[in-house]
Amino acid sequence: MKTLLLALVVLAFVCLGSADQVGLGKEQIDRGRRQAIGPPFTRCSQCNRNRSPQCFIEDRCTPGDFTCYTVYKPNGNGGEDWVVKGCAKTCPTAGPGERVKCCYSPRCNKN
């Protein structure tokens with residue numbers, strides 16, 4: 001029984017280590033240089049209003065995508081509502097009747 005438990009602990013440790021190597025683990029910080037180690041990434045809210053009226057999904061963007069964006073459309077009451085939030089390499093172009101707001105820091109399109 002102890003051998004099985006030890007094997008599971010070793011397996012979990014190996015799996016967590018390999019997840020960090022491929023970028024699936026949490027961000028690692030070099031304390032001496034005070035900067036992130038590995039491929040740079042940012043986090044943006046990523047959701048579609050049709051699927052989720054409240055946007056609570058905040059996810060890690062693909063490496064190289066440093067722009068968070070929110071697309072707005074008129075709501076019929078004289079105002080506008082967001083319809084899509086996500087990340088991209090560059091700020092997307094607004095379509096007819098749309099407005100796009102882009103920002104360039106982590107979690108900046110949350111509201």
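Using N, Cα and C of the backbone, Cβ positions are placed for all residues, glycine too.
Note that the coordinates shown come from a computational prediction; the quantities given were computed from them, not determined experimentally.
Feature list (source: Swiss-Prot):
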- Cys44-Cys68: disulfide bond (DISULFID)
- Cys47-Cys55: disulfide bond (DISULFID)
- Cys61-Cys87: disulfide bond (DISULFID)
- Cys91-Cys102: disulfide bond (DISULFID)
- Cys103-Cys108: disulfide bond (DISULFID)
- Gln35: pyrrolidone carboxylic acid (MOD_RES)
- 1-19: signal peptide (SIGNAL)
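Comparing C-alpha positions, Cys55 (disulfide bond) sits nearest to Cys44 among the disulfide-bonded residues Cys44, Cys68, Cys87. For the disulfide-bonded residues listed here (Cys44, Cys61, Cys68), the lowest count of other CB atoms within 10 A around the CB belongs to Cys61. When the disulfide-bonded residues Cys44, Cys61, Cys68, Cys87, Cys91 are compared by Cα distance to Cys103 (disulfide bond), the shortest distance belongs to Cys68. Looking only at Cα atoms, Cys44 (disulfide bond) sits nearest to Cys108 among the disulfide-bonded residues Cys91, Cys102, Cys108. A straight line from the CA of Cys68 (disulfide bond) to the CA of Cys47 (disulfide bond) spans 12 Å. Annotation note: Cys44 (disulfide bond) sits in a strand segment as assigned by DSSP. Set side by side, the disulfide-bonded residues Cys87, Cys102, Cys103 differ in how many other CB atoms lie within 10 angstroms of their CB, and the most is found at Cys87. Under DSSP, Cys102 (disulfide bond) is assigned to a strand (E or B) in the three-state scheme. Annotation: Cys102 are the disulfide-bonded residues among Cys47, Cys61, Cys91, Cys102 whose CA atoms are within 10 angstroms of the CA of Cys108 (disulfide bond).
In this structure, Cys68 (disulfide bond) is part of a beta strand by DSSP. Ranking the disulfide-bonded residues Cys61, Cys87, Cys91, Cys102 by the distance of their Cα atoms from the Cα of Cys47 (disulfide bond) places Cys87 first. All chains included, 18 other C-beta atoms sit within 10 angstroms of the C-beta of Cys108 (disulfide bond). The disulfide-bonded residues examined here are Cys47, Cys55, Cys91; by Cβ neighbour count within 10 Å, the least packed of them is Cys91.
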